[in-house]
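Q: I am attaching a structure below and will ask some questions about it afterwards.
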Amino acid sequence: MATWSGQRTRLTMLLHIILFTSLSRAAKVMFTTGTDVDGVTRELAANRYPALYTGDYGDCMGGNSLFSISKFDAAYYADNMTIVLHMDGTSSLRNESLMMRISSELAPDLKDVYLQTCSLCPVLPDVPFRAWVEIRVGPQQIGGIPNIAYEIPDFEGTTRVQIFAGSGQQEAGCFQAAMQNGKSLSHAYVIAPFMGLFTMVAIIASFSTAAYGISVPHMRMHHAHSLSVFIVFETFQTIFFSGALSVKWPSILVAWWSNFAWSAGFIYAPPFVQSINSFAGVQEELGHVDGSGPMIINRGEHLVDQIYGRSLMTRGSFNATDPWRYEWGGDPVALGLPLPGTWSGFPATLAAIGIPAADAFVFGLLWFLIAVALVMFVVIGVKILFEGLAKARLVKEDRLAYFRSYWVGFLGHALLRTLVIGFFMLMTLAIFQFKIRGSVGAIAVAAVVFFVVLMGVTSLVAYGVWCRTRHGTFTITKDRAVFYRSTWRVSIILETRIKEHNLEVKPILSIPVYRLRHNNHDDDYPTVHLDQLYVKRFAWLTARYRRTRWWFFAYYITYSFVRAAFIGGAGDVPLVQVYGVLALDIVNLAISAISKPFEGTRNTAMGVWVLGLCKILTTGISIAFLPQLKVNRIITTALGVIIIVIQGFTTVALIILIILSALSSRLSLLRNQEEFTPRWLDKVRIRYFEKMQTKAQDRWNPPRGLVSKDDEIKGPTTPPSPHFSVTGVRRGSKIEDDFDGSTVYNSQQSLREKGSDQSLTEQPRGRHSQAGSARSRLSTGSLPRTGRASRMSWSSRECADPALLERPDSTLAKRLSGITFTVTPNDGSSMMTRDNARVSGESTTSHVRPQASYRSFRSQSTSRASSIHEKASTPTPTRETFGLPALTRPSTLPEAAEPDE
């Protein structure tokens, strides 16, 4: 024990020595005295972070500078009002005197500062040099720097240094870097996984609703109400590809869009970039100036290297023991990226994530292929997983039985759906590759992918439309779109709807329209969502659309391709690109809002309204960023913040809808359970199923506020008086058909003596059970003693409905088995409440279409052959009629469910 204590003491002392030595070395910092703009003097650490400083830098002469720079750092220290410039490198000049010009966009008074760099004279070829410039400024010079510049994320500013040769007064070098304050909206390593997590939730919810069940129409119906994964990716891709417009973006927008680059296949990986650079032909040493695209390798000789003999020095690593060293400096810009401080067009958006524009298509294509492989792996893995769990009897044998039997079809649907999700991205990047040209290999791959994907998707879409419309004929009918004023907006309705339903409308104006309609001559031909063969083949295209809008996928694929052509190919004409995309998005929102294509409410809210308005507002505000307008950069930054707010609200709305979709998908997966927990959600689940069934029928109802003239002619209806009528009677077997009355009492006594489950048992007089008993089904309790059933085979369970013997009653089974009735009081009041399932009038159809294997959807009263209306004129027989004491009549009884249409 003592030995261990001594060893522990020595170990502790050794750790303290090591820690003290490390802290001593790291704590060796030089201090200086400085006075800020308010006149406050304090000691300042030499390695502190400045208020504004540069990041990565590039050659603003397009690679023709006669200097090879390994370090270019500039900063402004607000605590002592000092500008610092540090440069390291070599030059190919021979015995030249130099002059340096420093340009900065921080303040108007700091626009140009000229320095005579005598410390560099004379410059010798390939001899390393180091330049350190420190400029003291006064309050009048820095007064133009707004205080918000020190706090706003992604501060927009640049610093440029130009070097002139003394002999010929010619520019020998030029380098530029973007200024920053250390705050940014670019947090792709945090935000991207967060968004990816919610995307995985949406994928799981969508896949589970598609794979669970055995009835194809019911599976499609539940799947249609989960949030579409296509809409999730389209939202993220729309936000990212907003930066593909050829305008001068504020830097804060470029940083914001980098958080959504993963959705378009841009996940930065240095090995990918390095390998793709050589294939795409990105210039190996030369930068680019104007940001219109990367420099491409000239496969000839590197003339600049041969003439000037440039050599690139490597920036030294940060040394914590050097008291004058700092760690905020930047590095030479990566290969093929635009010049820092230029935020123009799609290259600037890609540069924020470190990907050259020439690599964009190949980079996105590789990640798309990886996504396809992941989809295949996941679908096959789920199949193998559930097969193994079923073999091990960890799950029920019939768990996901339909998916496990037809997993190949599900795999095909998943791959085709992935192709549709990536269609817009692939088309945009391929067309963009054609615009910037690049290497022959990159253009050839882009051409092949463009042709295969475009022809493949359009062929599948055309085949899907043909399979549905091959039986019948197309007709073009003339109609009129009527604009009328509703409660709070101007609405549109077709004139044929007005005449069909005899609606009273006060039109504002009307315009002629033409409608293309398909007429099927086969009256027995099932609708698109009840045609199981069509659903199995094309559900990846039509599953989420309404019954009458199944064709909308053909329109939307066309719209996506045209939008990709504008964004990817019209960058050379910014006016045409921006205004073309804006007009296209407005037309798309109008068509989508009028047609209301989605069956699910959440898909309509997100895919039509939220995303449509986000596109229009983003593109509309982007008009102010056109180079021709030359809007002040402070105003452009403010407009950029507005765009971020719009797209941020869009993202929040998407996340909320994903959560709601996950909850509703859970309700769909538990639709076969009679007892649902928590119980307070049971009514919500029933209302959700009822609304789902109504949506699946897709019947047109007049908009709220429009009144039919037929209803006005009928006038108010009087409340119905209590009454009943017998619509059907079933004759039961009489006792005298088989036996005489002498054996009644002996038979009853023998039954009581045996005490079997099939004997007739007395019920409490104050209650009447709804279980499978003879009294609840045949009302034998109201018969006199001499008229009761006495045969041994006349048991309560034989008289009851066999379906009721399997499980007890539940609220869901009662609600979904049909509408029940109750006898209304004599005062004529009819309590028409959904919760108590009371009606006074005609019966309605069942709310959810029953399935053979769904025991909770079975009707509890299929054996009942009569429906009763109450009628005061006909007396109701009671137990008093037969001299028996009165029993309490049950409040509700299930009525026979009508079949679905």
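Each residue, glycine too, has its Cβ placed from N, Cα and C.
Not my notes, these are from TrEMBL:
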{"type": "COMPBIAS", "residues": "770-783", "note": "compositional bias 'Polar residues'"}
{"type": "COMPBIAS", "residues": "824-833", "note": "compositional bias 'Polar residues'"}
{"type": "COMPBIAS", "residues": "855-866", "note": "compositional bias 'Low complexity'"}
{"type": "DOMAIN", "residues": "50-186", "note": "domain 'ML-like'"}
{"type": "REGION", "residues": "697-806", "note": "region 'Disordered'"}
{"type": "REGION", "residues": "824-901", "note": "region 'Disordered'"}
{"type": "SIGNAL", "residues": "1-26", "note": "signal peptide"}
{"type": "TRANSMEM", "residues": "189-214", "note": "transmembrane segment"}
{"type": "TRANSMEM", "residues": "226-245", "note": "transmembrane segment"}
{"type": "TRANSMEM", "residues": "251-269", "note": "transmembrane segment"}
{"type": "TRANSMEM", "residues": "361-386", "note": "transmembrane segment"}
{"type": "TRANSMEM", "residues": "407-434", "note": "transmembrane segment"}
{"type": "TRANSMEM", "residues": "440-466", "note": "transmembrane segment"}
{"type": "TRANSMEM", "residues": "550-570", "note": "transmembrane segment"}
{"type": "TRANSMEM", "residues": "606-626", "note": "transmembrane segment"}
{"type": "TRANSMEM", "residues": "638-663", "note": "transmembrane segment"}
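Let's see these features in context: how buried, what's close, how far.
A: Counting only same-chain residues 6+ beyond the ends of the transmembrane segment (189-214), those with a CB under 8 A from a CB of the stretch are 222-223, 225-229, 232-233, 236, 259-263, 267, 382, 400-403, 410, 413-414, 539, 543, 651, 654-655, 658-659, 661-662, 665, 668-669, 851, 853.
Within the same chain, residues 211, 264-267, 272-273, 276, 279-280, 355, 395, 399-400, 403-404, 407, 410-411, 414-415, 418, 422, 425-426, 429-430, 432-433, 442, 445-446, 449 sit at least 6 positions outside the transmembrane segment (361-386) and bring their C-beta atoms closer than 8 Å to a C-beta of that stretch.
Here the transmembrane segment (606-626) has Cβ contacts under 8 Å with residues 227-228, 231, 234-235, 238-239, 242, 245, 247-250, 574-575, 578-579, 581-582, 585-586, 588-589, 592-593, 596-598, 635-636, 639, 642-643, 646-647, 650, 653-654, 657 of the same chain, all six or more residues outside its ends.
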Q: Which stretch from 251-269, 407-434, 440-466, 638-663 shares the most C-beta pairs under 8 Å with the transmembrane segment (226-245)?
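A: Answer is 251-269, with the largest number of Cβ pairs below 8 Å.
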Q: What are the DSSP helix, strand and coil residue counts for the domain 'ML-like' (50-186)?
A: 14 helix, 69 strand, 54 coil
Q: I'm a bit unsure how to read this: which one of 407-434, 550-570, 638-663 has the highest number of Cβ pairs shorter than 8 Å with the transmembrane segment (251-269)?
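A: Top-ranked stretch among 407-434, 550-570, 638-663: 638-663.
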Q: Which whole number is the mean pLDDT over the domain 'ML-like' (50-186)?
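A: Looking only at the domain 'ML-like' (50-186), pLDDT averages out to 80.
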